[in-house]
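Worksheet: the structure to be examined is printed underneath.
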Amino acid sequence: MRSQRIVHIVSCHAEGEVGDVIVGGVAAPPGATLWEQSRWIARDQDLRNFVLNEPRGGVFRHANLLVPAKDPRAQMGWIIMEPADTPPMSGSNSLCVATVLLDSGILPMREPLTRLLLEAPGGLIEARAECRDGKAERVEIRNVPSFADRLDAWIEVEGLGSLQVDTAYGGDSFVIADARRLGFALRADEAAELVATGLKITHAANEQLGFRHPTNPDWDHLSFCQLAAPPERRDGVLGANNAVVIRPGKIDRSPCGTGCSARMAVLQAKGQLRVGERFVGRSIIGSEFHCHIESLTELGGRPAILPCLSGRAWITGIHQYLLDPDDPWPQGYRLSDTWPGGHC
């Protein structure tokens, strides 16, 4: 068997969302900070294409590159690669990374509780893993500072007319719209229509509202549309279903950790969620993230929250991605039957 490249991957999913972890075969990219390293990955595209494009990947897949942390307090760093973006942070991917680090023995597991400090491109996060019999059974993430940006703003959306939305940041940037007002029950059989609607809303919100992170001027767009049900209480606990539409055209199978963080920032800003109060985010496949606001803070002089979310992740496979020197598609390919806007 011959190959001019071997990339070692542990496959994982967190509450339904795939987050593969690259554990070997790739050198850390250039950059003085983890953010600079992630920008190099985003510009270069070589690794992104190799692991995310067909025949090795697909639009449903995310990949996470383990790298040495730049912050001396952190035990590991990682760079997130989503189908269209290389974002500051991801909740489901952080759960996959923490689980792979512990379940595979890359970092030592201490039962019943292991604490990790990890560095994402968007900042430090703390992971607290409940562990038993060699398995990280549930991981809680203390996320980066999150904030509401625009509340109850109006936009004009093609085919939908005037629509009231919120925008917020939870480690990534979101426009949040009321799914019920758009006629959605947030069922799995609505997935294709949810994607089409969400992409229209994201496009309109970027054009008409825009977004700029207060301390990271590089992050100047809205990434996702969160189509969310109104919050309601079950057994006294506030929660809501959602479908987060990810470019170029898929739905997050998990409840979306950065999306739940952004939603909690909006709910707190509107006086609907208190510090310490539980919030349950539910996905289109019925999986859950259990969340709360740990404390209030500020970011770049604006009010913010420190959100926490917890969920489960499971390793699904171990792979070695190879590249035969005669393979005519070393960067892979994307076709629009499954990858919107894709081309060979």
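Cβ coordinates are placed from backbone N, Cα and C, and glycine is handled just like the others.
According to Swiss-Prot, the protein has these features:
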ACT_SITE  SER90  active site, proton acceptor
BINDING   GLY91, SER92, ASP252, GLY257, THR258  substrate binding site
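Mapped onto this structure are the features recorded in Swiss-Prot.
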residue: SER90; record: active site, proton acceptor; Cβ contacts under 8 Å, 6 or more apart: GLY19, HIS62, ILE80, GLU82, ALA120, GLY171, ASP172, GLY257, THR258
residue: GLY91; record: substrate binding site; Cβ contacts under 8 Å, 6 or more apart: ALA14, ILE141, ASN143, GLY170, GLY171, SER254, CYS256, GLY257, THR258, GLY259, CYS260, SER261, PHE289, LEU309, GLY311
residue: SER92; record: substrate binding site; Cβ contacts under 8 Å, 6 or more apart: ALA14, GLU15, GLU17, GLY19, HIS62, ASP252, SER254, CYS256, GLY257, GLY311, ALA313
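In the three-state DSSP scheme, the residue listed as 'active site, proton acceptor' is classed as coil. Among the record's substrate binders, GLY91, SER92, ASP252, GLY257, THR258, no two C-alpha atoms are more than 11 Å apart, and one pair sits at exactly that spread.
Same-chain residues that are not part of GLY91, SER92, ASP252, GLY257, THR258 yet have a Cβ within 8 Å of the Cβ center of the substrate site turn out to be ALA14, GLU17, SER90, ASN93, SER94, GLY171, VAL244, SER254, PRO255, CYS256, GLY259, CYS260, PHE289, LEU309. For THR258 (substrate binding site), the number of other Cβ atoms no farther than 10 Å from its own Cβ, over all displayed protein chains, is 33.
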